[in-house]
Amino acid sequence: MALLPVLLFLAAVLLPFFPASGQDPGFAALSITKSEVQKEIVNKHNDLRRTVSPLASNMLKMQWDSKTATNAQNWANKCLLQHSKAEDRAVGTMKCGENLFMSSIPNSWSDAIQNWHDEVHDFKYGVGPKTPNAVVGHYTQVVWYSSYRVGCGIAYCPKQGTLKYYYVCQYCPAGNYVNKINTPYEQGTPCARCPGNCDNGLCTNSCEYEDLVSNCDSLKKIAGCEHELLKENCKTTCQCENKIY
C-alpha cells in the first residue's frame with residue numbers, strides 16, 4: 001500500500017467551496033493549459049531529481065501527462081484542502097500519488113514545487129524523517145525514482161479565505177511506498193541502472209505498466225509469463241525486464 005499522508009503547506013478549515021475565476025493576471029499565467037507552464041513544471045521536477053543528494057542511479061526523467069493533469073485539475077476545482085481519493089487520481093489501473101500546496105498569493109509553479117522539495121532539510125537518505133513529527137512526503141514523492149508522469153492543476157478558491165490559490169500535482173505511478181519511504185531512489189552514479197537510456201543524468205527507460213499483484217516474481221518462476229494470470233496481472237514483471245520500475 002502506498003503511504004498517503006495528508007501533506008499540506010498550511011492548515012485551514014476544511015469546507016467545500018467552489019472555484020472562481022482568478023482576477024489576478026498572475027493567476028492566469030499559471031494555467032496548466034499553457035505549454036510553457038507544463039514545460040516549467042516538468043523541468044523543475046527534473047532539475048530537482050537529477051541533483052538529489054546523494055545522487056541517484058535509477059531516477060526516471062519525468063514527462064507531462066495530460067490524463068494525470070485532467071485528474072489534478074478536476075480535484076483542484078473542488079477547492080478542498082485534503083487529498084483526493086486514490087481511485088479519482090488513478091490513470092487506468094495505475095495508482096498515482098499527489099502533492100498539494102495552498103498560498104495567499106499566486107506563487108510560480110517552480111516556487112510551489114521547490115516548497116515541496118524543501119522538506120529534504122528534515123529528511124536523511126536511508127534513515128527517513130530526522131524527527132518524529134517531520135513532514136517529508138512531499139519531498140519523497142517529488143524525487144520518487146519510478147514516478148515519471150506528472151500532471152498538475154490550479155484553482156482560485158476565494159471562499160477559502162487567505163489561502164485561496166490551490167495547487168495540485170499528481171504523479172504516476174505513485175511513490176511513497178512504506179517499505180521504501182526512507183530510500184525513495186537508489187543511490188549511485190547517475191544513470192548507472194539505465195546504460196544507453198540516459199538523458200542528462202536521468203533514466204528514460206520507464207515502464208508503462210504496473211503489476212496488479214505483489215508476488216509476480218514468484219509467479220513468473222512457477223508458471224512463466226505465458227500463463228494468462230501473469231499476462232493480465234504481471235505486465236511489469238513480464239514486459240519491463242530492462243526498464244526502471
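Counting starts with 1 at the first residue shown.
Placement of Cβ uses the backbone N, Cα and C atoms for every residue, glycine included.
Keep in mind it's a predicted model, so treat the numbers as computed, not measured.
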Recorded disulfide counterpart of Cys234 (Swiss-Prot; options Cys207, Cys216, Cys225): Cys216
As recorded in Swiss-Prot, which of Cys194, Cys225 forms the disulphide with Cys203: Cys194
Cys191 (disulfide bond): nearby disulfide-bonded residues from Cys203, Cys207, Cys238, Cα cut-off 10 Å: Cys203
Cys216 (disulfide bond): secondary structure state under DSSP, collapsed to three categories: helix
Structural state census, the domain 'SCP' (42-171) (DSSP three-state): 47 helix, 32 strand, 51 coil
Rounded Cα-Cα span from Cys198 (disulfide bond) to Cys240 (disulfide bond), Å: 17
For the disulfide-bonded residues Cys203, Cys238, the one whose C-beta sees the most other C-beta atoms within 10 angstroms: Cys203
